[in-house]
Structure formats: structure tokens, C-alpha cells
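Read through the structure below, which is laid out as C-alpha cells, and then see the notes.
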Amino acid sequence: MTPDRWIAVGFGVLMVASLLVMSALSGHMSASAMEADNAMRLVQIQDFLKGQGWFDLHQDRLGLEGGTAIHWSRLADVPILVIKSGLDIFLPSQKALEIACLVWPPLSVLLVVWGLMKGARFMGGRVVLAYVCIIAATVLFRNANFLSGSIDHHNIQLGFLAIAAGFSLDPERRPVSLAIVGAALASSTAVGAEVYPFVGIFCAFHALDWAFAGAPARRGVIAFGASFAALTALFFAASVAPANYGIVHCDALSLVTLSAAVSGGAGLAIVVAVLSEKPFAWRLASLATLGLVCGLLLTAQAPQCLANPLDGLPPIVRTLWLEKVDEARPLFAVRPNMAQEMPFMVGVSLVALIVSIWRVWRGVQRRAHLLFVALLAVDLLLTLQQVRFYSFGHVFAILPLGAWVAGLFATREDGERSAAYLLALAVSLPLVWGAPGRMFRTPPGELVDNGNGASACASPDMLAALDELPVGRVLSVADVAPDILRYTRQSALHGHYHRNAAGIEAALNIFTSPAEEASGLMREAGVDYILACPGHAELRMLADESPGDFADGLNAGIIPDGLKVIRRAGDGETLYALQPLAPRT
């Protein structure tokens with residue numbers, strides 16, 4: 001192998017090792033430490049291993065009668081299932097699954113490393129590679145998406161987009177490079193809908209690159225369009241049941257996604273094959289026509305997908321659920337440690353955007369930096385609306401910042417200017433942006449428990465007691481729904497899943513109703529048991545929103561009328577059963 005490849009391999013091994021160490025130090029080396037979304041994916045995998053169909057993502061035990069159709073892709077389960085199948089040779093099935101869940105997230109960082117290392121080589125060779133490694137290490141070494149147990153799909157989405165970014169930078173636009181870009185985008189599209197804006201940016205970039213470059217981009221862009229269309233169609237066939245081919249979903253891979261990818265990708269390949277020798281105006285007009293056709297197709301098939309799918313949530317669900325979910329909140333929403341978190345989230349992305357704009361203006365690697373300008377600008381706009389997008393910006397920022405610092409290092413002089421690259425490196429590190437806010441950080445003792453994690457509610461003893469009861473439906477805080485499904489035979493009324501809007505609405509209406517009305521609402525929702533955790537952040541928030549009502553009484557430890565105590569722990573955690581109505585006389 002070449003020295004550059006040895007550096008890339010060594011860096012990948014170092015990142016996996018550091019994530020395993022950080023997982024152990026932070027208490028993530030246990031399947032019981034999973035946060036809610038990761039635990040829910042584990043429930044999905046376990047249901048499949050117990051015999052649920054590959055195409056069947058319905059969670060019968062979540063929500064009101066009839067259950068909830070989970071929108072997550074089964075494709076994200078494949079790496080875990082593959083690792084588990086290898087471990088099954090040596091270990092019991094359950095232990096093999098647990099280890100697979102702990103090992104896969106740190107291993108998935110290799111997708112990001114591959115994309116970044118390839119992009120660094122395209123942008124300048126070994127010096128750029130070295131600084132990309134330094135910046136990437138500070139972004140990735142304890143990134144929550146790659147810690148053990150983080151089996152939700154965000155890690156592979158970051159990986160696929162990093163691959164797309166890295167291989168898009170090939171200055172020769174080789175067909176194999178752009179085919180890999182198309183495959184990475186198709187994979188990301190199949191896994192989750194939240195990346196669609198970034199996929200659109202990549203598609204527009206390569207289409208416009210051809211429009212301006214013409215024949216030199218012909219073979220590469222044909223490979224890109226064909227790969228994107230073909231792989232999306234393959235993933236559609238692999239993850240959607242034939243009986244559901246005609247059903248449109250705005251939040252998952254479905255007919256409308258397939259139509260856009262195939263018509264756009266294949267259409268681009270055909271247009272490029274035919275018109276590459278034509279004048280610029282012809283090429284631009286052909287892209288405008290193709291875009292219009294795709295837009296009309298989308299409007300005709302699924303006009304509802306042009307709006308935010310969360311806009312249709314009931315008002316109480318928006319105000320008391322969606323607006324309280326940390327990752328779904330706007331950047332400027334008031335929260336603890338805001339002074340530290342805001343600069344950390346957007347500091348390096350802003351620097352990378354400014355650097356990329358400046359280098360476009362100066363004509364330095366203009367093609368590459370135009371891509372980063374678009375990606376970073378869109379990411380910052382999305383982060384303003386929902387902070388969960390900041391992690392994509394951190395990954396997109398690594399390559400332009402690494403190239404910038406490497407350029408300053410290469411042109412350094414003795415004296416005052418010799419420190420310029422060190423200052424540039426400092427402002428390229430997320431940790432530096434988070435440091436000033438530490439002086440305003442809320443002391444740990446004053447922080448409100450955010451309720452994330454099984455330890456905040458639903459202790460093992462309480463779950464064991466719940467499992468011994470006759471099968472029924474449980475009302476509790478949304479965080480513990482995955483643990484109820486995972487460790488008991490019971491159903492959960494609601495959890496943090498927007499397709500469970502009816503269950504969330506029913507739960508919130510119960511919690512915020514007067515105690516004397518709550519029993520009737522619980523019977524309407526089919527609730528049999530209540531698991532109350534006084535002091536839990538969600539229950540405390542509901543008590544504050546509706547003082548004197550049902551949630552307030554539960555939070556205060558008051559036993560409501562119509563409920564029977566089944567078990568009470570020393571910390572106040574209490575399991576109740578809804579008593580049957582007294583017979584009429």
C-alpha cells in the first residue's frame with residue numbers, strides 16, 4: 001500500500017478504537033444503556049428475529065388499537081444482522097445480538113473515514129490528508145452517533161453522505177468515482193428521508209457541473225445518474241412489499257421517492273449521453289426541462305409531500321411533544337447550556353462556509369468549494385429549524401477546513417505569519433467553539449434530568465413486575481416505550497414516533513385532564529396500567545403545563561382515584577392498575 005493508504009487505514013483503526021474506549025468510559029457498553037430511538041430499533045430487529053416479516057415494520061404493541069406503522073428502513077438493520085449471524089457460531093443468539101449492537105456503531109465510522117480520506121487525496125495529497133485527520137478526529141472521536149449502542153440510522157447516513165462528498169471531489173470526474181457517489185446517495189435515500197435536501201444538493205451539483213463542463217463530465221455524470229436510479233430501484237424492491245408499491249409515504253422510501261430518483265437519475269444519464277456536445281444553453285435548457293418534469297411528477301403523485309409532514313400533527317402534540325424533543329427544537333430555542341451548545345453546533349460549519357465562499361471567490365479549487373458552499377448553507381438553514389442537523393454540518397466542514405489549514409501551513413513563513421495555520425486549525429475544531437460557553441454552563445447539580453435513558457424511569461424491578469401482569473396497555477412517559485416493548489409483553493400507549501400521533505395525543509390529553517376525567521379517557525384509549533415516575537423531566541413538564549391535573553398528581557406521588565397501586569419503589573416510581581368500573585345498582 002502507498003503511504004497515504006497506510007495513513008487512512010491507521011486513522012480508521014484509531015477512530016474505531018477511540019470510539020470503543022469512549023463508549024466504555026461513558027457507560028455505553030451495555031445494551032440496557034440505549035437511548036429511546038436505538039432501543040426501538042433493537043425492538044424492531046428482535047421482532048424480525050422472532051418471525052416478523054422482512055417487509056412488515058408494523059409495531060402492534062405501540063399506540064392505540066391497531067398499533068403503529070414504523071417508518072424506519074429495514075436496510076439499516078442489515079449490518080447488525082450480518083454481524084450477529086457471524087457471532088452466532090460462537091455465542092448464544094441474544095448475546096450475539098447484544099455484541100453486534102455494541103460493535104457496529106464504532107465500525108460504521110469507517111464509512112465516514114473512507115469518504116474523508118478519498119476527498120482529502122483529491123483536494124491536495126498528504127498535507128491535506130494530515131490536517132483532515134486532525135480535524136476529523138476531534139469531530140468523530142466521541143460523536144454520539146458512533147458510540148456503542150447507537151444503532152439508529154444516523155451513523156450510516158453520515159457515512160454515506162461523507163462518501164458522496166469525498167468522491168464528488170474527483171477532479172477527473174471518473175465514472176467509477178461518480179458511480180460510487182450515486183450509490184452512496186441511493187443508500188442514504190433508502191435509509192431515511194431527513195437527508196433528502198442534501199441528496200438534492202448533490203444531484204443539482206453534478207447536473208450543473210455537466211452543464212458548465214460539457215463533454216469532460218459526460219462519462220462521469222452518466223455513471224452517477226444511472227447508479228443513483230438503479231440502486232434506488234434495487235433498494236425499493238428490497239425494502240417495500242410488492243403489495244405496497246403503489247402507496248405513497250413522505251417520510252420513507254416509497255413510490256414517490258422511486259419516481260423522483262429513477263426519472264431524475266435515468267433522465268439525467270440520457271440527457272447527458274445525448275447533449276454533451278451541444279452548446280451550454282442547450283444543456284442548461286435540458287436540465288431545466290428535466291427538473292420541471294420531475295417537479296410535475298412529484299406534484300401529481302404526492303402533493304402532500306411538498307409540505308412538512310409534521311405540520312399535520314394535532315396542536316397538543318406539536319406544543320407538548322414535538323416542541324419539547326431536544327433534537328427537533330430550533331437552534332435559538334432556550335435550553336440549559338445554550339451558551340456552550342450553540343457555538344459548538346454551528347461554529348465550525350460557519351467557518352467552513354466562509355472559507356469555502358472565500359476560496360470560490362479566489363478561484364481556489366472552485367468546483368469542490370461550490371459543493372461545500374451549497375451543503376453547508378443548506379445544513380445551517382436546517383439546523384436553525386432543528387438542531388439535529390448540526391452533525392451533518394460538522395462532517396461537511398472537515399474537508400474544506402482541512403484543505404484551508406493545509407494551504408496556510410504550506411505557505412507559512414518565519415515570524416508572525418508562521419502561527420496563522422495554528423489559529424486556523426484552532427477555529428476548525430468544534431471543541432474550541434464549545435469551550436468559551438463552559439464558563440456559563442449550568443452546574444451538574446442544577447441540571448434538569450432530560451429523561452433520556454432507561455435509568456430515568458422503568459427500573460428493571462418495575463419492568464419485571466409489569467411483565468408479570470396480564471397483558472394490557474401501559475401509559476407512561478414517552479421515553480420508556482421501547483423498554484416496555486423490549487422487556488415485557490405489554491403494549492405502550494405512546495413513544496417518540498411521529499406516526500404514533502394518535503397515541504401521543506391520547507396520552508397528552510390524559511395527562512393534562514382533571515384527575516376525575518382521566519379514568520374515562522384511559523378507558524377510551526384502552527389503558528390498563530400506569531407507570532408513574534415522579535421527578536421525571538417529561539412528567540414534571542406536563543405537571544407544570546397543567547397544574548392540578550392528572551400529571552401533576554402523579555408527579556406529586558398522590559394516588560389518583562380509580563387507580564390501584566401494584567408496586568411502589570423507594571424513589572417514588574409507582575406501577576398502578578386502572579380499577580374496573582363499579583357495577584351499576
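Glycine too: its Cβ is placed from the backbone N, Cα and C atoms.
Automatic, uncurated: that is what TrEMBL annotation is.
Per TrEMBL, transmembrane segment is recorded for 6-25, 96-117, 123-141, 175-208, 220-240, 252-275, 282-302, 342-361, 368-385, 391-411, 418-435.
The transmembrane segment (123-141) is in contact with the transmembrane segment (418-435), judged by 3+ CB-CB distances under 8 Å for residue pairs 6 or more apart in sequence. Long-range contacts of the transmembrane segment (252-275) within the same chain, counting only residues at least 6 positions beyond its ends with a Cβ under 8 Å from a Cβ of the stretch, are 71-73, 182, 186, 189-190, 193, 203, 206-207, 210, 217-218, 221-222, 224-230, 232-233, 235-236, 239-240, 244-246, 282-283, 286-287, 290, 293-294, 297-298, 301-302, 305. Against the transmembrane segment (418-435), the recorded stretches 220-240, 342-361, 391-411 differ in Cβ pairs under 8 Å, and the greatest number is found for 342-361.
For the transmembrane segment (368-385), same-chain residues at least 6 beyond its ends with a Cβ under 8 Å from one of its own Cβ atoms are 122-123, 165, 168-169, 197-198, 201-202, 204-205, 330-332, 345-346, 349-350, 352-353, 356-357, 359-360, 392-393, 396-397, 399-400, 403.
Residues 4, 7-8, 11-12, 15-16, 19-20, 23, 28-31, 34, 38, 42, 45-46, 49, 79-81, 83-84, 87-88, 90, 129, 132, 136, 140, 143, 145-151, 155-156, 158-167, 184, 395, 398-399 of the same chain lie 6 or more positions beyond the ends of the transmembrane segment (96-117) yet place their CB under 8 Å from a CB of it. Sequence-distant contacts of the transmembrane segment (6-25) (same chain, at least 6 residues past either end, Cβ-Cβ under 8 Å): 102, 105-107, 109-110, 113-114, 117, 126, 129-130, 133, 136-137, 140-143, 146-149. Sequence-distant contacts of the transmembrane segment (342-361), counting only residues of its own chain at least 6 positions beyond either end whose CB sits under 8 Å from a CB of the stretch, comprise 139, 331-332, 369-370, 372-373, 376-377, 379-380, 383, 387, 390, 393-394, 396-397, 400-401, 404, 427-434, 436-437.
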